[in-house]
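Student: Quick one: structure below, then a few questions.
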Amino acid sequence: MASTLSTLSVSASLLPKQQPMVASSLPTNMGQALFGLKAGSRGRVTAMATYKVTLITKESGTVTFDCPDDVYVLDQAEEEGIDLPYSCRAGSCSSCAGKVVAGSVDQSDQSFLDDDQIEAGWVLTCAAYPSADVTIETHKEEELTA
């Protein structure tokens with residue numbers, strides 16, 4: 001008994017022409033934009049949280065925006081077109097001082113505020129990551145230093 005092999009061949013001229021997709025042509029933050037994921041070192045992927053930040057400002061009133069947990073509140077506010085005071089951008093002065101009304105932030109990168117001030121709700125927006133949905137009154141430097 002003889003067996004027969006059959007194959008199907010399709011001429012390339014019958015298939016629609018498409019440009020090949022090259023990985024380098026994709027946006028580098030594709031996974032972050034689509035799935036809230038961020039590439040880590042050695043190919044690891046970490047989930048990234050995003051929180052609602054509400055700023056109560058003198059000029060703009062109340063403004064709310066989404067802020068990833070690895071972006072400083074001041075930096076994201078600037079990306080959103082919100083003008084906030086700042087000077088050092090390193091958490092070592094009080095120009096960007098605000099007061100947390102609700103929620104919480106991680107401001108372990110700052111060196112200006114002492115533990116009592118942090119416990120009282122003071123925040124430096126240039127060195128504060130949101131750690132939950134948070135509401136912050138801005139433009140509070142004079143009140144902090146009084």
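Using the three backbone atoms N, Cα and C, a Cβ is placed for every residue, glycine included.
Features from Swiss-Prot:
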- 1-48: transit peptide (TRANSIT)
- 51-142: domain '2Fe-2S ferredoxin-type' (DOMAIN)
- CYS88, CYS93, CYS96, CYS126: [2Fe-2S] cluster binding site (BINDING)
Student: Go through CYS93, CYS126, the listed binding-site residues, and name the one with the sparsest Cβ surroundings, counting other Cβ atoms within 10 Å.
Tutor: CYS93
Student: State which of the following binding-site residues has the fewest other Cβ atoms within 10 Å around its Cβ: CYS88, CYS96.
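Tutor: Each of the binding-site residues CYS88, CYS96 was scored by Cβ atoms within 10 Å; lowest is CYS88.
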Student: Counting by DSSP secondary structure, give me helix, strand and coil numbers for the domain '2Fe-2S ferredoxin-type' (51-142).
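Tutor: With helix first, then strand, then coil, the domain '2Fe-2S ferredoxin-type' (51-142) has 17 helix, 32 strand, 43 coil.
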